[in-house]
Amino acid sequence: MTATLERRQAQGLWDRFADWVTSTHNRFYVGWFGVLMIPTLLSATICFVIAFVAAPPVDMDGIREPISGSLLYGNNIITGAVIPSSNAIGLHFYPIWEAASMDEWLYNGGPYQLVVFHFLIGVFCYLGREWELSYRLGLRPWICIAYSAPVAAATAVFLVYPIGQGSFSDGMPLGISGTFNFMFVFQAEHNILNHPFHMLGVAGVFGGALISAMHGSLVTSSLVSETSYEESQNYGYKFGQAEETYNISAAHGYISRLVFQYFAFWGANSRSLHFIMAAFPVIGIWFTSLGISVMAFNLNGFNFNSSIVDSQGRAIYTWADIVNRANLGMEVMHERNAHNFPLDLAGTESAPVAVSTAKVGG
């Protein structure tokens, strides 16, 4: 019998790079999506930090009245932001080479587009990287599906909404006060609080938080005690141990007795329980993202502009009227120099600023 030995061919540089990129033994999994994710997120982060600290004022409304957003121009951590690109730019792609000078690019809010586009590409790649690592480890794809909820939300406020409104100046500013300003203006223009998709999102986030708190407290409370009465119950569990030490039947029985017998049907086994925990907030945020996307094209929330009137034709004010007045007030205040008279106020009869209160003791 003859044995033939062949010398193993040395791997080329590309093959070694590919093995390193796709290796699941690295402390930090890179992956092919990571090859694009790392530079885009680094670019977005570096540009955001520089712009947040030192960017000059930006003519966001396109009326030659720049808005200061950086720390060096008088803002603090709360009021600072990367200001959206100018309304004069609209939806045009505005990289550095499209401007006549760096000063012009900064004045028109070019850093906002740079940060947003690189950030969106980065989070898309992070989602793909989650799928890629799950695939290589033989896991199911639910991790990246769950992550698609915040990705959809970011895409809605940074990309879909500006496209629907016709300008990146309507995108969400990259700062704390800017985020709240975006929320107020969104409520004023679209009445998002009365949109059913937003209601589903609120139910999903709050319901998910409730389920998470219930689950964590139940698991912690139903640890199997493997200790004697003289020892602390905490000695019955070692942090990081492989085997389960809690009793799901005990937790299930607790919930069924605490509320009612059939309430805990979805927690009858670990799979159904954790599916509900994942699906509840994810589906809610999906609906909120979809709601922002349809309101981007002015398919707005419900409005109750027609007040209830009595037999004499006098208005009977409801909470809907209070919300309408608040919306009008917020719309008057935002972009007050660009819009001297908002259209929905100019086209109707003047309305009192406040609802009159009943006389006391009269």
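Cβ atoms are placed via backbone N, Cα and C, with glycine included.
Distant neighbours of the transmembrane segment (29-46): 20-23, 114-116, 118-119, 121-123, 125-126, 128-129, 132-133; these residues of the same chain sit at least 6 beyond its ends, with a Cβ under 8 Å from one of its Cβ atoms. Per Swiss-Prot, the feature transmembrane segment maps to 29-46 (among others); the stated evidence is sequence analysis.
Annotated transmembrane segment per Swiss-Prot: 118-133 (among others), in sequence order, evidence recorded as sequence analysis.
Sequence-distant contacts of H118 (chlorophyll a ChlzD1 binding site), defined as residues of its own chain at least six apart whose C-beta falls under 8 angstroms from its C-beta, comprise T40, L41, S43, A44, C47. Residues annotated as chlorophyll a ChlzD1 binding site in Swiss-Prot, with sequence analysis given as evidence: H118.
What Swiss-Prot records for 142-156 (among others) is transmembrane segment.
Long-range Cβ neighbours of Y161 (site 'Tyrosine radical intermediate') (same chain, at least 6 residues apart, Cβ-Cβ under 8 Å): D170, G171, M172, I292, S293, M295, A296. Marked as site 'Tyrosine radical intermediate' by Swiss-Prot: Y161.
If you look up Swiss-Prot, you'll see H190 marked as site 'Stabilizes free radical intermediate', on the strength of sequence analysis. Mapped onto three states, the DSSP output places H190 (site 'Stabilizes free radical intermediate') in helix. Neighbour list (H190 (site 'Stabilizes free radical intermediate'), Cβ cut-off 8 Å, at least 6 residues apart, same chain): M295, N298, N300, G301.
Summarising the annotation, Swiss-Prot assigns transmembrane segment to 197-218 (among others). With a cut-off of 8 Å between Cβ atoms, the residues of this chain six or more beyond the transmembrane segment (197-218) that come close are 251, 254-255, 273, 276-277, 280-285, 287-288, 290-291, 294, 301.
When secondary structure is read from DSSP and collapsed to three states, H274 (Fe cation binding site) falls in the helix class. Summarising the annotation, Swiss-Prot assigns Fe cation binding site to H215, H274.
Feature annotation from Swiss-Prot assigns quinone binding site to H215, A264, F265. Within 10 Å of the Cβ of H215 (Fe cation binding site) there are 16 other Cβ atoms, across all protein chains. H215 (Fe cation binding site) falls within a helical segment according to DSSP.
Summarising the annotation, Swiss-Prot assigns transmembrane segment to 276-290 (among others) and lists sequence analysis as the type of evidence. Cβ atoms under 8 Å from those of the transmembrane segment (276-290) belong to residues 142, 145-146, 148-150, 152-153, 155-156, 197-198, 200-205, 207-209, 211-212, 215, 266-267 of the same chain, restricted to positions at least 6 beyond its ends.
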Same-chain residue ranges lying at least 6 outside the transmembrane segment (142-156) that approach it to Cβ under 8 Å: 119-120, 123-124, 126-128, 130-131, 134, 278, 281-282, 285-286, 288-290, 292-293, 296
Cβ-Cβ distance under 8 Å to H274 (Fe cation binding site), same chain, at least six residues away: none
